[in-house]
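What TrEMBL annotates here:
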type	residues	note
TRANSMEM	82-104	transmembrane segment
DOMAIN	86-506	domain 'Major facilitator superfamily (MFS) profile'
TRANSMEM	124-144	transmembrane segment
TRANSMEM	156-175	transmembrane segment
TRANSMEM	181-201	transmembrane segment
TRANSMEM	213-232	transmembrane segment
TRANSMEM	238-255	transmembrane segment
TRANSMEM	315-337	transmembrane segment
TRANSMEM	357-375	transmembrane segment
TRANSMEM	382-404	transmembrane segment
TRANSMEM	416-440	transmembrane segment
TRANSMEM	452-478	transmembrane segment
TRANSMEM	484-502	transmembrane segment
Amino acid sequence: MHINTTQNHFSLNTKSPSCVLEKRKKQKNPFCLISLIFARMAIGECKDIENGLEKPFLENDKIIDCEDEEAISYKEDGSIGMVLLSTCVAVCGSFEFGSCVGYSAPTQSEIRNDLNLTLAEYSMFGSIITIGAMIGAITSGRIADFIGRKGAMRMSAVFCITGWLAVYFSMGTLVLDMGRFLTGFGIGIFSYVVPVFIAEIAPKNLRGGLTTINQLMIVCGSSVAYLLGTVITWRNLALTGILPCTFLLVGLFFIPESPRWLAKVGLEKEFEVALRKLRGKNADVSCEAAEIQAYVDTLQSLPKTRILDLFGSKYIRSVIIGVGLMVFQQFIGINGVGFYASQTFESAGLSDSNIGTIAYAVVQVPITIVGAFLMDRSGRRPLLMVSATGTFVGCFLTGASFYLKGNGILLEWIPILAVSGVLLYISAFSIGMGAVPWVIMSEIFPIHVKSAAGSLVVLVNWLGAWAVSYTFSFLMAWTATGTFMLYAGFSVLTVLFVAKVVPETKGKTLEEIQAIINS
């Protein structure tokens, strides 16, 4: 229910006390792209830190080649042990995110039978998490700035634990929905603060690889929830959602706060202690400390932009591209298909819907990795169009299976056709439409409007997610064939929109992208 390929990075000369920095025009590691999806849902001031959009502050004339960055980033007196530990603790929140998202798919029949829920009541339960997540994501930037990254993760974990306990003990719709809403609010905060925290503590040469773990853990959490839901009761599955939060709360006692946040709030002593703890007690952190402080000062001096300012002529085309991609990302039906996968397989006549659910869970992880590799190799537009074409074919096959079932044709082939269609759909979505819209969105807005643009885009995205997840069950009850054909139609519109409106941003600087859009 996770930015920028033209990131500007620095190379540091660790042999000298002065900072020798270099602007990097292109991030080589494609993994960093997909790992930042859910952080983009609540872009704030720290969004640009996460992207590595630092401005160069040259203190001498010597420039080091960017290709030597990895070689000079860590010397023998440095250590990444604490960085790895901090990352492992933080991504417990990512796993929790996936667990919450994947919970409703394998539990629908059981919950409806045990609590005697109507279709409308379960639809509200399944979709209300998106409302909570929308509120959490929009407020997460301010929360993380006010109480710190660790404080925000603690707060999120408490909300999620409270929500899971409410779901476990619920005997009716009110407590059940309240629990689901609270977990949604919690993961909305996680969606922002976890990738930002990792990006802020990681050294440059490890940032891409470490932030990739965020998205992979989200997918793993969702897949594990799908798998466990086929073998344990829905109440026990709710209890398993508490485990990642417990590990997170305990682990936070052993890791430092983000040095960048400490510098931003003026805690200079704590900032230096945290940075040294992350880099090793014998590491020379003077250059990195100066760089961070200089960037924080620059970030605070940038002009603030309101959401209404985005609708001026200067940014309107970027708004159309960004919002349009988010609308199509949701209205091709991903949250409906994902939230109610077992219902779809059961409706198609699959004898054991758990088989389809397990296959759905297994497919996501490797496809997510493939999509990350293709991001900077194939280009944004081709990947989007291929992905949308794949979702069209998947929806068409699934819709056709329900049509055949309704007319009593080729009954023995219907379950196979439905499962194949859904698996093709999720594979195609994961490889492009899941990640690329967020990547493009982050590239088409100038740095000083990213915060306002992020707020607008996340609002549109979560509203779309709620609309699709809430209406899916009603549409399926009305006409299963029509539901998937509707999503297939939006997939076709996505291809046309990308072909006519969306520019190719691969290999271009932010300035070049802005020139293309404004022309």
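For all residues, glycine too, the Cβ spot is worked out from N, Cα and C.
Sequence-distant residue pairs (6 or more apart) of the transmembrane segment (452-478) and the transmembrane segment (156-175) include fewer than 3 whose Cβ atoms are under 8 Å, leaving the two stretches without contact. The transmembrane segment (382-404) shares the most Cβ pairs under 8 Å with 416-440, out of the stretches 82-104, 315-337, 416-440, 484-502. Across the candidate stretches 82-104, 156-175, 315-337, the maximum count of CB pairs under 8 A to the transmembrane segment (484-502) is reached by 315-337. Note on the domain 'Major facilitator superfamily (MFS) profile' (86-506): mean pLDDT across this stretch is 86.
Of the candidate ranges 124-144, 156-175, 213-232, 238-255, 357-375, 124-144 has the most C-beta pairs within less than 8 angstroms of the transmembrane segment (181-201). Contact counts against the transmembrane segment (213-232), taken as Cβ pairs under 8 Å, peak for 82-104 among the stretches 82-104, 124-144, 156-175, 357-375, 416-440. Under 8 Å from some Cβ of the transmembrane segment (357-375) lie the Cβ atoms of residues 5, 30-31, 33-35, 102, 105-106, 212, 215-216, 219-220, 222-224, 226-227, 229-230, 341-342, 345, 383, 419, 422-423, 426-427, 430-432, 434-436, 439, all in the same chain and six or more residues away from its ends.
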